[in-house]
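Here's the structure we're looking at; comments come further down.
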Amino acid sequence: MKALVILGLLFLSVAVQGKVFERCELARTLKKLGLDDYKGVSLANWLCLSKWESGYNTKATNYNPGSESTDYGIFQINSKWWCNDGKTPNAVDGCHVSCSALMENDIEKAVACAKHIVSEQGITAWVAWKSHCRVHDVSSYVEGCKL
């Protein structure tokens, strides 16, 4: 019985933590989902953005008290403009997706929303990209990934 309780707690902690991608695993996944050079944004830039936004963690969240909104998932997509979390005042839901869907281990919906965002606003919509990736050599993010 004690072993079942411990096993249950282990599974619960994995479910709450979500998937933290390895760098090259994420590179292959993003490439497969069509982000490599999407709207002129290189795969290395998407990896840099993901690293600085979420640490490659699908369950990452960040509350923004000023706008009463939350950033969700591997790309930290904001509930004020892009997804519906049911609690952000005057939310737009530009991607027509629930914010919880952006935190799934299968990142297909997060990628679809990221494509929508970059199509409308460009990669500069992400503050972390502007701060950590824009003027840097990001080639190391895909180095050795055998793409």
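Including glycine, each Cβ sits where the backbone N, Cα and C put it.
Here is what Swiss-Prot records for this protein:
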- E53: active site (ACT_SITE)
- D71: active site (ACT_SITE)
- C24-C145: disulfide bond (DISULFID)
- C48-C133: disulfide bond (DISULFID)
- C83-C99: disulfide bond (DISULFID)
- C95-C113: disulfide bond (DISULFID)
- 19-147: domain 'C-type lysozyme' (DOMAIN)
- 1-18: signal peptide (SIGNAL)
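In sequence order, the disulfide-bonded residues near C83 (disulfide bond) (Cα within 10 Å of its Cα) are C113, drawn from C24, C113, C133, C145. Helix, strand and coil content of the domain 'C-type lysozyme' (19-147), in residues and according to DSSP, is 53 helix, 16 strand, 60 coil. Most Cβ neighbours within 10 Å, among the disulfide-bonded residues C99, C133: C99 holds that distinction in the structure as shown. Counting in whole angstrom, C113 (disulfide bond) lies 10 from C99 (disulfide bond) by their C-alpha atoms.
Nearest to C24 (disulfide bond) in space, judged by Cα atoms and limited to the disulfide-bonded residues C95, C99, C133, is C133. In this view, C48 (disulfide bond) is surrounded by 25 other Cβ atoms within 10 Å of its Cβ, with every protein chain counted. Long-range C-beta contacts of C95 (disulfide bond), restricted to its own chain and to partners at least six residues apart, with a cutoff below 8 Å, comprise I77, W82, C83, A112, C113, H116, I117.
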